[in-house]
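A.B. asks: What Swiss-Prot shows for this protein is this:
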type     : residues : note
SIGNAL   : 1-19     : signal peptide
DOMAIN   : 37-233   : domain 'VWFA 1'
CARBOHYD : N212     : N-linked glycosylation site
REGION   : 248-588  : region 'Disordered'
COMPBIAS : 253-262  : compositional bias 'Pro residues'
COMPBIAS : 299-332  : compositional bias 'Basic and acidic residues'
COMPBIAS : 370-380  : compositional bias 'Basic and acidic residues'
COMPBIAS : 427-436  : compositional bias 'Low complexity'
CARBOHYD : N514     : N-linked glycosylation site
CARBOHYD : N535     : N-linked glycosylation site
COMPBIAS : 577-588  : compositional bias 'Pro residues'
DOMAIN   : 613-800  : domain 'VWFA 2'
CARBOHYD : N799     : N-linked glycosylation site
DOMAIN   : 824-1012 : domain 'VWFA 3'
CARBOHYD : N887     : N-linked glycosylation site
Amino acid sequence: MGLHDSFLALLLLLGGAWAQQAEINARVLRAQDCPVDLFFVLDTSESVALRVKPFGDLVAQVKDFTNRFIDKLTERYFRCDRFLAWNAGALHYSDSVVIIKDLTAMPSGRAELKNSVSAINYIGKGTHTDCAIKQGIERLLLGGSHLKENKYLIVVTDGHPLEGYKEPCGGLDDAANEAKHLGIKVFSVAISPHHLDQRLNIIATDHAYRRNFTATSLKPTRDLDVEETINNIIEMIKDNMEQSCCSFECHPPRGPPGPPGDPGHEGERGKPGLPGQKGDAGDPGRPGDMGPVGYQGMKGDKGSRGEKGSRGAKGAKGEKGKRGIDGIDGMKGEAGYPGLPGCKGSPGFDGTQGPPGPKGDPGAYGPKGGKGEPGEDGKPGRQGIPGSPGEKGAPGNRGEPGPLGETGDEGSPGADGPPGERGSNGERGPPGSPGDRGPRGDLGEPGPPGDQGREGPLGPPGDQGEPGPPGPKGYRGDDGPRGNEGPKGSPGAPGLPGDPGLMGERGEDGPPGNGTIGFPGAPGQQGDRGDPGINGTKGYVGPKGDEGEAGDPGNDNPTAGPSGIKGAKGHRGPEGRPGPPGPVGPPGPDECEILDIIMKMCSCCECTCGPVDLLFVLDSSESIGLQNFQIAKDFIIKVIDRLSKDERVKFEPGESRVGVVQYSHNNTQELVAMGDANIDNIGALKQAVKNLKWIAGGTHTGEALQFSKENLLRRFTSNNNVAIVITDGRSDTLRDRTPLTSLCEVTPVVSLGIGDIFRNNPNPDQLNDIACLGMPRRQGLSIQRDNYAELLDDSFLQNITSYVCREKKCPDYTCPITFANPADIMLLVDSSTSVGSKNFDTTKNFVKRLAERFLEASKPAEDSVRVSVVQYSGRNQQKVEVPFQRNYTVIAKAVDNMEFMNEATDVNAALQYIMGLYQRSSRSGAKKKVLVFSDGNSQGITARAIERTVQEVQQAGIEVYVLAVGSQVNEPNVRVLVTGKSTNYDVAYGERHLFRVPDYTSLLRGVFYQTVSRKIAVD
């Protein structure tokens, strides 16, 4: 029995050792694995799902590509004795993101992942690739391994939508940059055909991650292309991972495992664990020791005012006061004489086209997605590689000592928080490598109040602060009481000698003497010199002396003295005598020129559009696509905005109105229009248009047009209305028998045919029927475009608004002219090379306008005004295109048939030629007038020669008018042509006989032809 028990114990011991060794081997193998985290991002939007028939075929190819890729995810052995292991997951997206499967280890999760991919049902709506990439990044970071350089995204998409589409998650550039910032490599795989390489290049990490990867193809070599794409991507990942996993020196292959070793010694003490959860509140402690000496107390309150002090000593004399403030400025002077009126400026040129308008408002946000299901709890991660410690930062500069602050009040301790729940102890992982700095997060909510901290140690005393600024000067104290009389002082120093006293009065006479007169005594010795007398007081200033004679002039001083102070304004002088009358000014603008100026400067005189009722019929079928549907709505709003701003159309009750009908298959029409219960202005209508949802059904255009006629056009009362139909021109006429010409009887129609999401061209026959081009009356306009983005082109919008406002109401700028006498008017047209054929055609149109105006003017008799047209070029190159004629139809036809000579310029020969014509053809009693088209440049002709010829023309009774075009004008020759004088140019005469325009297009601009014809008729 004992032997049996010993044998059983030995078996148990060997079994435990064998199990322990297997566990150790498994741990060794797991530690040597080199994991790769791979996530598929699959596009199942409408641009992929509905591109080819049968619908969903490209999605099926994408699923097949993904499953074939998953089958290739097998372990790879590296020479550094490590194995490449795969973790794979997938999502698919359209305008929302659906997680197919989170990261799953291969090969154990291969079958489940493939089944999930095969079960995909495409969404078939908008394409939000930016949101899908960011969701894939999140799944890689949350569910992947701890390594940073082993994460890959496989983005399978066609690159749609087009540029300019507003993506809700920051845009494709932002998503691609975020992946690069986090070290995630992104492969972009195309869904062909019609993919957008530009967008795919943005998605890829660099060109090596894009190349020519494709997941679908309509070519016979599809399987080979897909297989090559999968193999190339896997080889790139394998090479990248081998470099990162085998960065150390390679070792030879490991041998078979040896026998178990002896039990090791007791291990070293482990690292301190993480701080545990906050424990329960402890028992109250014993009373603490006496605390340290308290801080200095707070500053006391201000004391009461002291008693009044005694009178102080008399203060010393104060310092001299500061300079006073400058005095107030003097009164404003009298107004000067009014200036003379300035000369009238010439009308300016037309301004350049303004910059494009501001970008429109962003569209409305889509509905918020539903809350996702909670994910499964992840397995604990493997122990990471310890990160290298960061470099020690450089010591900062010592800051300046702050001012000594006053001690604050001691705060009251906060309440103890409730005991927290004790959490389970997690495994302590080594610190990872420092990650890149993430984007700045939003401001978080304030955290709960922390526990009351213990009293810190007394800080070191601060450095002594700098002396404060001197305080303000104190107020003068009150006078103290009178003091007691002081003791008698010591005698003072002797004072200064006083002034001499007054002369005393004469004394009384003494008694008479009784002695004899003695002899004169000898002269005494001269006495000593007396002390100097005291200086007398200063005398008063004496009277001013007479003015002395002027001295000789001094030497010149080359240095100028300082400028004196500006003197005060002098008194107004007397009014001067009126000056002599000035010369006669040039004549003011006539009536036609005033109208021209008003038309250019006054916006109220511009042509106005409206009232006009506008009807939009919007195709919302499946073949349009969600993105194109959004663009079509933007187009409607932009047309309304342009009509409001550029054409000043007022969309309000009683004025212009707008309505929009969107449609798909039968009975799916939706109407929004001004006059609805919840739409009372144009802003509400535009918001209602933005809120229209894509129907994505069939296409019954005829039924929609009939619905618009019965439900919308009956609301419109204006005779001026336009319908704009936006469709791909592919109506299902088998199911919809309603004719496409339903609107032809009631309104002009513009049919806009745009290629669908499959790039199929619109049906031109249906578009022509919608636009009523086969009808005898009310024919509209049919326009075709390749894609919907062209609808938002500036020039295209301009063409649409111009058609809507083709019947503008313009002010009447008629400027009637009257001939008081018969007149024979000749138009002498320059046909030389310097004019150019295009400008010559412009001149012909201008000549026809002049001829029509001359012949339709008020005149004494029907045949009293005749017009002739002659063109000229070089010498002996003159041609009468129209002899004197009063029939405008004949003149217009002849002018249209005029051929450009394209030769030299000789205006002298032309003037001599027309003198002969007038002598042969002019009537007696009729005024002779000629309008010469010339810039004054004539080959080989001097101003003196022109002067002689013009004087001969004037002597023949012919009045000359000149029309100069352009800026390269020979001014002296032009003045001679007008006046016949090379000197003493008469400005007033020139104003009536000389016309100038900056270029040939200005001939047909405004009412210039009326100005020219009026001046010729009046003179």
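Note: Cβ is positioned from N, Cα and C throughout, glycine not excepted.
Have a look at these and tell me how they're positioned relative to everything else.
C.D. replies: On the 0 to 100 pLDDT scale, the model's mean across the domain 'VWFA 1' (37-233) is 89.
Same-chain residues at least 6 positions away in sequence with a Cβ under 8 Å from that of N212 (N-linked glycosylation site) are not found in this chain.
In this structure, N799 (N-linked glycosylation site) is part of a helix by DSSP. Counting only same-chain residues six or more apart in sequence, none has a Cβ lying under 8 angstroms from the Cβ of N799 (N-linked glycosylation site).
With a cut-off of 8 Å between CB atoms and residues at least 6 apart in sequence, the same chain places L855 near N887 (N-linked glycosylation site), listed in sequence order.
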A.B. asks: Tell me whether N887 (N-linked glycosylation site) sits in a helix, a strand or coil according to DSSP.
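C.D. replies: Going by the DSSP assignment, N887 (N-linked glycosylation site) belongs to neither helix nor strand, so it counts as coil.
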